[in-house]
Amino acid sequence: MEKSEKKRIVIKVGTNVLTNKDNRLVRPIIHQIVKQIAELYEQDILSVLISSGSVISGKEVVGSCNIKDKATRRQVFSSVGQPRMMRQYYETFHDYGMKCAQVLATKRDFNPGVWRENMINCYEGLLSEGIIPIANEDDATSVSHSMFTDNDELASLVAELIGADMLIILTDTHGLYNGHPDDDGTKIIREVKADERLDHYIRESGKGEAEGRGGMGSKLKIAQGAAAKDITTYIANGKRERVILDIVEGKRVGTKFTS
Ligand SMILES: Nc1ncnc2c1ncn2[C@@H]1O[C@H](COP(=O)(O)OP(=O)(O)O)[C@@H](O)[C@H]1O
Ligand SMILES: N[C@@H](CCC(=O)OP(=O)(O)O)C(=O)O
């Protein structure tokens, strides 16, 4: 399928962006993100949303359960939470007169050949119809064979797949800091080159089960990897109002990664 000339951005939303301190989904945040995507759409900029949050969303409904195996628990939480989360997205996009779609994937779907072609056709088909794809790892099936490191990896693979102009990774801090963001004296790093070594700034996040995977270490690796492929990438705070629009408008927001 022919790729349109419209600008494309991939926006990844981490679990902790979508939840409050009690690990409950916060609807106004979903609304805020969709509103920004709707504004971009009016400017002829096409977005692909990569949304985490199915596991925490399912855990909120199922609660403490009797399933001992951690992997099975994740499958169950995610299977319950994914449609719950999608209902919010679907209704909110609908309120803005827009269409959205769910694309669940495993890492295998990005393997060269027929798998990859299949993914390309799916994304190109949706984008050509002005439908916003909302992707997540297929947590119910990926567990046995091909898991992503986390959704940051899925986001960068999608960005590459669709030839995105920009990748925006939204998390619960303002960007990459030179230490733990909560520690005294640490500062945000505004610009990072693809080949800079910054691993020594990464700290443990101390987050629990279902509160996301990967951490800032994987975000840094993914952001630099995407930048090296000439996809300008940002790590920024998803709870900040207009964060996506400000980035697209070139304002000084978050940490910017370039080649
Ligand atoms: N140098 C650093 N700069 C920013 N955040 C860091 C750093 N080191 C560790 N972190 C932690 O990484 C967390 C973000 O990663 P993660 O929890 O995986 O987010 P998400 O759920 O959005 O994918 C932050 O909340 C923070 O606690
Ligand atoms: N697929 C999982 C999210 C896994 C993940 O990468 O989480 P996060 O680090 O918060 O982006 C879910 O929907 O809960």
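Backbone N, Cα and C atoms are what each Cβ position is placed from, and that goes for glycine too.
As recorded in TrEMBL:
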{"type": "DOMAIN", "residues": "7-237", "note": "domain 'Aspartate/glutamate/uridylate kinase'"}
{"type": "BINDING", "residues": "Lys12, Thr171, Asp172", "note": "ATP binding site"}
{"type": "BINDING", "residues": "Ser52, Asp139, Asn151", "note": "substrate binding site"}
Close in space, distant in sequence - Thr171 (ATP binding site), Cβ under 8 Å, 6 or more apart: Gly14, Asn16, Val17, Met216, Lys219, Ile235, Ala236, Asn237, Gly238
Nearest-integer angstrom distance between the alpha carbons (Cα) of Lys12 (ATP binding site) and Asp139 (substrate binding site): 16
Substrate site span - longest C-alpha distance across Ser52, Asp139, Asn151, in Å: 11
Fewest other Cβ within 10 angstroms of its own Cβ, chosen from the binding-site residues Asp139, Asp172: Asp172
Greatest C-beta neighbour count within 10 angstroms, which of the binding-site residues Ser52, Asn151: Ser52
Number of other Cβ atoms within 10 Å of the Cβ of Lys12 (ATP binding site) across all protein chains: 30
Annotated binding-site residues Lys12, Asp139, Asn151, Thr171, Asp172, filtered by Cβ under 6 Å to ligand 1: Thr171, Asp172
